[in-house]
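Feature table excerpt (TrEMBL):
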- 379-389: compositional bias 'Low complexity' (COMPBIAS)
- 134-256: domain 'Palmitoyltransferase DHHC' (DOMAIN)
- 344-401: region 'Disordered' (REGION)
- 21-41: transmembrane segment (TRANSMEM)
- 61-79: transmembrane segment (TRANSMEM)
- 178-202: transmembrane segment (TRANSMEM)
- 222-247: transmembrane segment (TRANSMEM)
Amino acid sequence: MMSSSLDKNKRSRGIRGRCLWCVNCVKWIPVLFIVTIVVWSYYAYVIQLCFLTVPNAVERVFYLLGYHALFIIFMWAYWQTIFTEIGRVPNQFRLPPSEVEKLAEADTEDAQRQVLERFAQNLPVTNRTVTGVRYCHKCQHIKPDRAHHCSVCGECVLKMDHHCPWVNNCVAFTNYKFFILFLGYALLYCIFIALTSLKYFISFWRVSILNELKEMSRFHILFLFFVSVMFAISLVSLFGYHCYLVLHNRSTLEAFRAPVFQAGPDKDGYSLGKYNNFQEVFGDNPKTWFLPLFTSLGDGVSYPQRLLDEDRDLLLGGASTAAGWGAPTAAVVSAPASARAAATSSSSVAVTIDDDEEDDEDDGEEEERLRRPPRNGMAGSAAASAGSATGLPRPRPALAP
């Protein structure tokens, strides 16, 4: 009997392994589609247009140099976006087996909250749900700020933006710069092809040219123009939207569901000004801004917060020091982006458990729950009225040490 059960287990594991292999192969289909289009466009532009259609040698050289410069940097950015490893949650956020056992044995939500609160009190987390910081049941760890669980990758990802099937990877902290550059250079690639082939696209409708050129060459160039224009139109909106997100220091998930701080949801909680927001993604060295090299600031775990630091600085006269930042808050707000990104946030207060089943790519919180006022609503109202009377921004409640 034992041997038969072992054989069944081996067969089931073999079936699961083959199914997983098939699923992983299917995930690469969108990437193969993009690569096929790019390879065909290379053949159509270089061979059919430049070598077989363009009569002027100077014009041909100009087209080839411009095309290959865009092609190389576009494919470089695409490669980096696909094959850069996602940012994984550090081990310090993972509950040890003893704490997981205590959590499983806890009978009430308050008991679970106490178990998690003791573990999370020294972690640099400020994002929370309505009642506390976030916990992932599947990964069994506290979620760092701006981290979310991806159902496709099967784990939590640092500063997750979205999972993109066209790159078969999560777009997140480690490759967000590469993704932006990929969109930008893909747009330039399509625009360059459309503009340089427009003259011949128009000429091909003339009878004299039609008689001189082969049918196959004419098809490639006409189709090349249509495809480049079609992709350029679709890329304009996507690239523009992500430029907007970069300048406002938001991810796609945060744009649809604002991160929740102790004072409540705030879409601009991480915004430090457009230039500083740009530097957080592209770095503080202008020479590497537009190269597909990792230059983003920070560690992907902790992020400076605009309103929290500005309000503390105004209310306390710039002499306060935020816990865990190691410098006065005035220095944090006005320091260069590299110094700000190295700073870490203080630990948060109450802890709760997120339900990732509601939304595998987000925190599992319902929209109406985010709109509810925090439990310390009376204190928040008093602070808001005090801020209105003095002309100062509404302060957030102080974080527990």
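Residue numbers in this text run from 1 along the chain shown.
Every residue, even glycine, has its Cβ placed from backbone N, Cα and C.
Help me picture where these features are in the structure shown.
Using a Cβ-Cβ cut-off under 8 Å and counting only residues 6 or more beyond its ends in the same chain, the transmembrane segment (21-41) has close neighbours at 75, 78, 82, 152, 165-168, 193, 224, 227-228.
Remote same-chain partners of the transmembrane segment (178-202), defined as residues 6 or more beyond its termini with a Cβ less than 8 Å from a stretch Cβ, comprise 41, 45, 49, 53-54, 63, 66-67, 70-71, 73-74, 77-78, 80-81, 84, 161, 164, 167, 171, 221-222, 224-225, 228-229, 231-232, 235-236, 238-239, 242-243, 246, 281, 290-292, 294.
Among residues of the same chain six or more beyond the transmembrane segment (222-247), those with a C-beta under 8 A of the stretch's C-beta atoms are 37, 41, 44-45, 48-49, 161, 179-180, 183-184, 186-187, 190-191, 193-194, 197-198, 201, 204, 255, 274, 277-278, 281.
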Is the transmembrane segment (61-79) packed against any residues at least 6 beyond its ends, judged by a Cβ distance under 8 Å, and which are they?
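Non-local partners: 34, 38, 42, 45-46, 49-50, 54, 167, 178, 181-182, 185-186, 188-189, 192-193, 196, 291-292.
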Using DSSP, how many residues in the domain 'Palmitoyltransferase DHHC' (134-256) fall into helix, strand and coil?
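Across the domain 'Palmitoyltransferase DHHC' (134-256), DSSP assigns the residues as follows: 72 helix, 16 strand, 35 coil.
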